[in-house]
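Enquirer: Annotation source Swiss-Prot lists active site, schiff-base intermediate with substrate at Ser25, citing sequence analysis. Annotation source Swiss-Prot lists active site, proton donor at Tyr58, citing sequence analysis. Residues annotated as substrate binding site in Swiss-Prot: Thr57, Gly71, Ala72, Ala73. Taken from Swiss-Prot, the feature pyruvic acid (Ser) covers Ser25.
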Amino acid sequence: MRVEILSSKIHRATVTDANLNYVGSITIDEELMRAANLLENQKVEILDVNNGERFATYVIKGKKGEICLNGAAARKVCIGDIVIIVAYASMKFKKAKKFSPTIVHVNAKNEMIKK
């Protein structure tokens, strides 16, 4: 049996921009992507702590400190909102029981404070 399990999380990032006119995605600081083991174009779920929205999109590389929701997703957040960015992996149940996700904590400037 296979299960979906949390593989990566950026915890409590601050939305720095919302660009309605971009094609889509979430732009994430490249350093945070690397720390969280997120790949460009990888599917992620966005959880907005401020308004309760939950939605899926894909990742693109951004500049230092950047967390920007693009395209239609820009309507789901406000600049300054706190979001949790999560990715899941499908794995066999036995492996999932031993798996530890990568969790990156950030401060209000989207700087890594704990991994």
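A Cβ is built for glycine as well, from the same backbone N, Cα and C atoms used for every other residue.
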Enquirer: State the Cα to Cα distance, in Å, between Gly71 (substrate binding site) and the residue listed as 'active site, schiff-base intermediate with substrate', rounded to an integer.
Expert: 7
Enquirer: Given the binding-site residues Ala72, Ala73, which one is most crowded in terms of C-beta atoms within 10 angstroms?
Expert: Ala73
Enquirer: Please report the three-state DSSP label of Gly71 (substrate binding site).
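Expert: DSSP assigns Gly71 (substrate binding site) to helix.
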Enquirer: Which of these recorded positions is closest to Tyr58 (active site, proton donor) if you go by CA atoms: Ser25, Ala72, Ala73?
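Expert: Spatially nearest to Tyr58 (active site, proton donor) by Cα position is Ser25.
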Enquirer: Using the CB centroid of Thr57, Gly71, Ala72, Ala73 as the substrate site centre, which other residues of the same chain sit with their CB within 8 A?
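Expert: Here the non-site neighbours turn out to be Gly24, Ser25, Ile26, Phe55, Leu69, Asn70, Ala74, Arg75, Lys76.
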Enquirer: Could you state the whole-number distance in Å separating the C-alpha atoms of Ala72 (substrate binding site) and the residue listed as 'active site, schiff-base intermediate with substrate'?
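Expert: If we compare the Cα positions of Ala72 (substrate binding site) and the residue listed as 'active site, schiff-base intermediate with substrate', the gap is 9 Å.
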Enquirer: Quick check: in three-state DSSP terms, what is Tyr58 (active site, proton donor)?
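Expert: Where Tyr58 (active site, proton donor) sits, the three-state DSSP reduction gives strand.
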Enquirer: Can you tell me how far the Cα of Ala73 (substrate binding site) sits from the Cα of the residue listed as 'active site, schiff-base intermediate with substrate', in Å?
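Expert: Roughly 7 Å, rounded to the nearest whole number.
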Enquirer: Looking only at C-alpha atoms, tell me how far Ser25 (active site, schiff-base intermediate with substrate) is from Thr57 (substrate binding site), rounded to the nearest Å.
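Expert: So the Cα of Thr57 (substrate binding site) lies 5 Å away from that of Ser25 (active site, schiff-base intermediate with substrate).
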